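Asker: Questions regarding the structure given below will be posed in turn.
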Amino acid sequence: MKGLDDSIGRFLDGLDQAGRKRVLRPVDPLPAGRVRVGGRELVNFSSNDYLGLSRHPEVVERSRRWLNEYGAGSGASRLVTGHLAAMEALEAKIARCKQTEAALILASGWQCNASVLPALLDKALWGAEPLVFADKLIHASLHAGLELSGARRYRYRHDDLDHLESLLKAHADKEGPRFIVTETVFSMDGDVTDMAALAALASRWDAFLYVDEAHATGVLGANGFGLSPGMGAELAMGTFSKGLGSFGAYVACSARLRHYLINRASGLIYATGLPPAVLGAIDAALDLVPRLEGERTRLQMMGRRLRDGLRAAGLDTGPSASQIVPLILGDEGRTLAVAKALEDRGILGIAIRPPTVPPGTSRIRFALSAVHSDADLDRLLAAILDAVEATP
């Protein structure tokens, strides 16, 4: 194609000039929350492996066992021959964990949100165009699903349930079903939704409640299975790639809704089923998570300790209340410089900049893990204070 390289080159040059050109850096995972980058060992405070399950011996062993028993791949989409009997049993286990009638496994969190939401919001299903009320800071995959759906969308101020209710009131005369879309733990700020208040509001307005539990799964709630169980959310999705240490996503919902999604969600219909090794890792993680209450408690204590230390130094950690603690620096250049200074001190903390976060809120997002030691946390806090002081 004529002009392709020139067009792409101009685009990449523009990103470079704006300081926003992303590159991929090879990383070698190591035990105990470490990684090797560019030949150097760093303490990794940017991974979502919150419980360290990606290297847990039971997870690795069951993954290996299912690989040996069922082979390297599922071989087809689930509606053909890729729906393994082991996957059917695994979905029943997920449903029990989430206290729902049924569950459905999909290939990734992005694929889940980007295909389930358009299926749910199909005007042909409801006989009228749905109205969606979404938190302003929901994940890009949720925005993508809503955009693909074409439904009417209204954004409420982040975590502001009063504003949400005012929007529901303002549009009460409009025809069509109501949907509320949000997250229980927000990935960039680390704040936690008041699930009880949100569920009560959804019930008052007869709204379908869709919650993304990607960063709560494994970490929060009774037995570590998130904040949605028992709260009446019509659909809770989550991932296996963070607190559960492997890969993939799930939807927990009613049996009838599961059957509908099997017939309408493109991310399931047209995608090859997850490989057996991944399913085995998920199965083991689900067995382990209820036994890790001590690790979850310690993880939250570590989050409080890091927030307290940073706030005592006058640094901005936003509304964080979880294992995700942002250091909000605002300026993109300074954020990159502090991240580099941390790396020089043996700490991996990735700079998060627009468009991932709003302009003026660039930050380093620290993700804590149960495998980090108290000494690791001491080292992190000291390195942050030193790096910030050295990078005015």
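Here the Cβ of each residue, glycine as well, is placed from N, Cα and C on the backbone.
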Asker: Among Thr335, Thr356, Thr361, indicate the single residue that Swiss-Prot lists for the substrate site containing Arg22, His139.
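Answerer: Answer, per Swiss-Prot (substrate site with Arg22, His139), from Thr335, Thr356, Thr361: Thr356.
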Asker: Look at the pyridoxal 5'-phosphate binding annotation in Swiss-Prot, where Gly109, Trp110, Asp212, Glu213, Ala214, His215, Thr239, Phe240, Ser241, Lys242 are given, and name the residue from Ser77, Ser187, Ser254, Ser266 listed for that site too.
Answerer: Ser187
Asker: If you measure from the Cα of Thr356 (substrate binding site), which of the binding-site residues Ser187, His215, Lys242 is the nearest?
Answerer: Ser187
Asker: So the record assigns Arg22, His139, Thr356 to substrate. If I measure every Cα pair among those residues, what is the longest distance in angstrom, as a whole number?
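Answerer: If we measure all Cα pairs in Arg22, His139, Thr356, the largest is 19 Å.
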Asker: If one looks at the chain holding Gly109 (pyridoxal 5'-phosphate binding site), which residues at least 6 apart in sequence have a CB under 8 angstroms from its CB?
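Answerer: Sequence-distant Cβ neighbours: His139, Ser141, Asp212, Ala214, Met237, Gly238, Thr239, Ser241, Ala249.
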Asker: Report the largest Cα to Cα distance, in Å and rounded to a whole number, among the residues Gly109, Trp110, Ser187, Asp212, Glu213, Ala214, His215, Thr239, Phe240, Ser241, Lys242 that the record lists as binding pyridoxal 5'-phosphate.
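Answerer: It comes out at 15 Å between the most distant Cα atoms.
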Asker: Using Cα coordinates, what distance in whole Å links Arg22 (substrate binding site) and Phe240 (pyridoxal 5'-phosphate binding site)?
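Answerer: So the alpha carbons of Arg22 (substrate binding site) and Phe240 (pyridoxal 5'-phosphate binding site) sit roughly 26 Å from each other.
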Asker: With an 8 Å cut-off on Cβ-Cβ distance and a minimum sequence separation of at least 6, pull the same-chain contacts of Glu213 (pyridoxal 5'-phosphate binding site), or say none.
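Answerer: Within the chain, Glu213 (pyridoxal 5'-phosphate binding site) has Cβ neighbours under 8 Å at Glu183, Thr184, Val185, Gly226, Leu227, Ser228, Ala236, Met237, Gly238.
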Asker: Identify, among the binding-site residues Arg22, His139, His215, Lys242, the residue whose Cβ has the fewest other Cβ atoms within 10 Å in this structure.
Answerer: Arg22
